[in-house]
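Summarising the annotation, TrEMBL assigns domain 'SOCS box' to 363-407. Taken from TrEMBL, the feature repeat 'WD' applies to 123-152, 153-195, 197-238, 239-271, 301-335.
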Amino acid sequence: ARPRAVGELLAPTAPFDKKCGRENWTVAFAPDGSYLAWSQGHRIVKLVPWAQCLNNFLLHGTKNGANPASTRLPRQNSESGQKNKPCEHIIDCGDIVWSLAFGSSVPEKQSRCVNIEWHRFKFGQDQLLLATGLNNGRIKIWDVYTGKLLLNLMDHTEVVRDLTFAPDGSLILVSASRDKTLRVWDLKDDGNMMKVLRGHQNWVYGCAFSPDSSILCSVGASKAVFLWDMDKYSMLRKLEGHHNDVVACEFSPDGALLATASYDTRVYVWDPHIGVILMEFGHLFPPPTPIFAGGANDRWVRSVSFSHDGLHIASLADDKMVRFWRIDEEYPVQVAPLNNGLCCTFSTDGSVLAAGQDGSVYFWATPRQVSSLQHLCRMAIRRVMPTSQVKNLPIPSKVVEFLCYQI
């Protein structure tokens, strides 16, 4: 089956504009669903109100070219009453943008640096931040509503390949870089760098928090998949099974599953609590043997994203296809064409998949399926119970296997 195309946002191109430099390495949705951001290439990040974007798709068909008049940053006072009104604009980050992440604050979540009483910034609950990871190793933090640069974090020495905020509203930011490190920043402490996580022997491609913010997954070159305890900043375990560089990772909404995408043409779905592979989604048939898994096979998987229903996974590969998988089926349930795709992510409500390619973004409606009551109960239980606790429950073995996603 082919998913329904919702729309596309096309980047403006000059007559002699070359594709090099226009790569869209990252697409992100704001946690509250208010904004969509993507890297148009050539240092530019575009911010679009997501509701306005959907309305344009419905009113004017699928295409929405960039309006030159809308590329000028609106003049707004940070304290004005219009602050929270979504407004389309662009941000010039000063260097090639490799990664984006939205972050919003929960006032009750205090900074971990309790000894510092004075802070330059007071992040309120109505503030929305955008972190941009750049080619020169810098991380710039912007106020989304005004486009104002708030912080410039400068400790990485290579490309900042990925960024992720803790989902708990603490404004803890983790960055993954080609300098082989992960760095933990506290934006409530004016961007103070709290910790450097070392363990990767090569480039770090991506990182993702578990829904409860207690575990961080990081992936990188040389088949590396690491899990970190974010309370102690120590490594929990290394997951082994991929045969080539691992380039993307994401936890399921209940935290019971972890999806990783690799250049070995596979997406693995793990139980992160015990390090076991539960499912394998192959993009080359028959699957390559380990010795050939690193070849130029045109099936390198670039990105993976978990849907909000906990039942579907989207993957994007070099064979010019976007695939939607069900976690309990071996073959994709829907497939769509996409040339030179580099990244994909689900919208905040899970209804749309956005995929980036050469400065533009394409959107598809996600597979619709009413979750069973059993699955909803499973997700509710797994949000609060790791695998070890589930296995100790005094319930039938078949129920335990279902709760552990083994059937």
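Each residue, glycine too, has its Cβ placed from N, Cα and C.
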Check the repeat 'WD' (301-335) for me and report the mean pLDDT.
93
Contact yes or no, the repeat 'WD' (239-271) and the repeat 'WD' (301-335), 3+ Cβ pairs under 8 Å, gap 6+:
yes
Residues in the repeat 'WD' (197-238) grouped by DSSP into helix, strand and remaining coil
0 helix, 25 strand, 17 coil
